[in-house]
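Student: Structure below; questions to follow.
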Amino acid sequence: MSAQLTSRLRGYVQVTKPGIIMGNLISVAGGFLLAAQGNVDLTLMFATMIGLSLVVASGCAVNNCIDRDIDAKMQRTRNRVTVTGEISVQAVLSFGIGLGIIGFAMLAIFTNSLAVLFAAIGYVVYVGVYSLYMKRNSVYGTLVGSFSGAVPPVVGYCAVTGQMDMGAVILLLMFSLWQMPHSYAIAIFRFDDYAAANIPVLPVAQGMTKAKLHIVLYIAVFAVVSALLPLAGYTGIAFMAVTFATSLWWLAMALKGYRRDINLQSWARQVFGFSIITITALSVTMALDFQVVAQTPLLTLVP
């Protein structure tokens, strides 16, 4: 295989943002296994994970096309293939659309209408609402984007149940809330990039003081909402213990941002890093510490 072909293939992989796909795989598996309550259909599980991964990859590829102008202004993203021209925008867009078609087809064939609906809503919000408009024009872009980031575990959950019940609602709220301090931490340690691209994330638009306050508040509310899973009977004492330990540590870490001698860049990286540990730990624990509970539907669609 020639070096040129290898580089091109690497470029196609990079536009799908493998790190984001991996994180979503963990969360969709967590939601799926929580809902399965020990009765795991492996074919359905892997079809859901692969299908949703392709949908996420599609959204990321299309996002690369949309963001190429602002990516050119940011140190972290200026070498993306859609910026350098190593791969044409048309090729990346076609690649992304193709991934999306295959991903949605897999979800439609193997899962159910509700799982497909949530995947579609998440896709439209991320690509159509967040990437095309909110990210560039509003300080609330992060809030809107948090919904699409919370969709994967809900898709995994609904792929099993075929209904929207309280467990799915808690997952949606929990993962949406987690996205906020996670994203604000990135915006702080990448402050110069966002400012250069004129992206109105909270630290840039309204200052570090407000950003630090929001990080603390969102972590606190995230902890409370996460505790609803065991309190509602969906998980057991192990999940409650992990929720308490990780959330308390994350909150204590966030509060250190108010120290006068703190290096904000280093602090934000720590908050970001521990956010990954927190959500991974909770996703794994919910998959293992599920409880058998009656799943009362709030919304059901015909499969």
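Glycine is no exception: its Cβ is also placed from the backbone N, Cα and C atoms.
Note that the structure is predicted; figures quoted are calculated from it, not measured.
Here's the feature list from Swiss-Prot:
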TRANSMEM  18-38  transmembrane segment
TRANSMEM  42-62  transmembrane segment
TRANSMEM  91-111  transmembrane segment
TRANSMEM  114-134  transmembrane segment
TRANSMEM  139-159  transmembrane segment
TRANSMEM  169-189  transmembrane segment
TRANSMEM  213-233  transmembrane segment
TRANSMEM  235-255  transmembrane segment
TRANSMEM  274-294  transmembrane segment
Student: Within the same chain, where does the transmembrane segment (42-62) have neighbours whose Cβ lies under 8 angstroms from its own Cβ atoms, ignoring anything closer than 6 residues to its ends? I mean 6 or more beyond.
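Tutor: Sequence-distant neighbours of the transmembrane segment (42-62): 15-17, 20-21, 24-25, 28-29, 32-33, 36, 92-93, 95-100, 102-107, 109-111, 115, 119, 122-123, 126-127, 131, 148, 152, 155-156, 159-160.
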Student: So if I exclude everything within five residues of the ends of the transmembrane segment (213-233), which remaining residues of that chain have a CB under 8 angstroms from its CBs? That is, six or more out.
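Tutor: Distal contacts: 34, 166-167, 170-171, 173-174, 177-178, 180-181, 184-185, 202, 239-240, 243-244, 247-248, 250-251, 254-255, 257, 271, 282, 286, 291, 293.
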